[in-house]
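Undergrad: The feature ATP binding site is assigned by Swiss-Prot to Gly33, Ser34, Asn35, Gly36, Ser37, Gly38, Lys39, Ser40. Per Swiss-Prot, the feature domain 'ABC transporter' maps to 2-225.
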Amino acid sequence: MIELRHVSHHYDERPVLRPLSLTLRERRIGVVGSNGSGKSTFARLLNALLLPAAGQVLVDGLDTRQDPKGVRRKVGFVFQNPDHQIVFPVVEEDLAFGLKNLKLPPAEVEARIGEVLERYDLGEYRQHPSHLLSGGQKQLLAISGVLVMRPEYVVFDEPTTLLDLRNRNRVAAAIRELPQTAIVVTHDLDLLRDFERVLVFEAGELIADAPPAEALRVYRERMTWP
């Protein structure tokens, strides 16, 4: 369970997230809003990429201020641009890096890497140069790099924005099939059809928190204002 208690945030005294309290328990949660609405700030607060200016973010009881490393072990984060996460020249090296930091036995490292590569049909690319992967393959590698660490929650920030339709569908399927809780910031409303809950942000405020049909109705109405 992720809990926000009276959380707010600002940049240079400009409020970007107004006081917010809520609890996230559902397995699939979408987050939408126009550019600058506060949705990406909200996402980054969930795994301690940002710390709140005020209030508390608790992940299974861990406070992001007091134990940010512990929170990041529980909450993985997938960026919009996979190049922000792919730092090694070979696919296998990229997946192994975080696991070696955990000081796992070599057999466990090998098993985890094999598992994620098989899941996303990347097995034949194990020794492939990372920069030669397609856009969709890079995003799947970024997701694999998070999942190989076995977090309990995964936050996605616009995971399909840079992809063509074919690769968008591959990444959308990967998100749907995740065993972990997924919290997805997106403009791709079709991605959210089967989600349990959608949060709508506008100008730093949460203006809707409902099942997809109701939340997206509010979002579309706001987006079509004159």
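Even glycines carry a Cβ here, placed using N, Cα and C.
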Undergrad: Quick check on the binding-site residues: of Gly33, Gly36, Gly38, whose CB has the lowest count of neighbouring CB atoms inside 10 Å?
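TA: It is Gly36 that, of the binding-site residues Gly33, Gly36, Gly38, has the fewest other Cβ atoms within 10 Å.
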Undergrad: Determine the minimum-neighbour residue: among Asn35, Ser40, listed as binding-site residues, which Cβ has the fewest other Cβ atoms within 10 angstroms?
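TA: If we count Cβ atoms within 10 Å for the binding-site residues Asn35, Ser40, the smallest count is at Asn35.
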Undergrad: With an 8 Å cut-off on Cβ-Cβ distance and a minimum sequence separation of at least 6, pull the same-chain contacts of Ser34 (ATP binding site), or say none.
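TA: Long-range Cβ contacts: Glu202, Arg222, Met223.
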Undergrad: Any idea what DSSP makes of Gly33 (ATP binding site), helix, strand or coil?
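TA: Reduced to three states, the DSSP call for Gly33 (ATP binding site) is strand.
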Undergrad: For Lys39 (ATP binding site), list the number of other Cβ atoms lying within 10 Å of its Cβ atom.
TA: 26
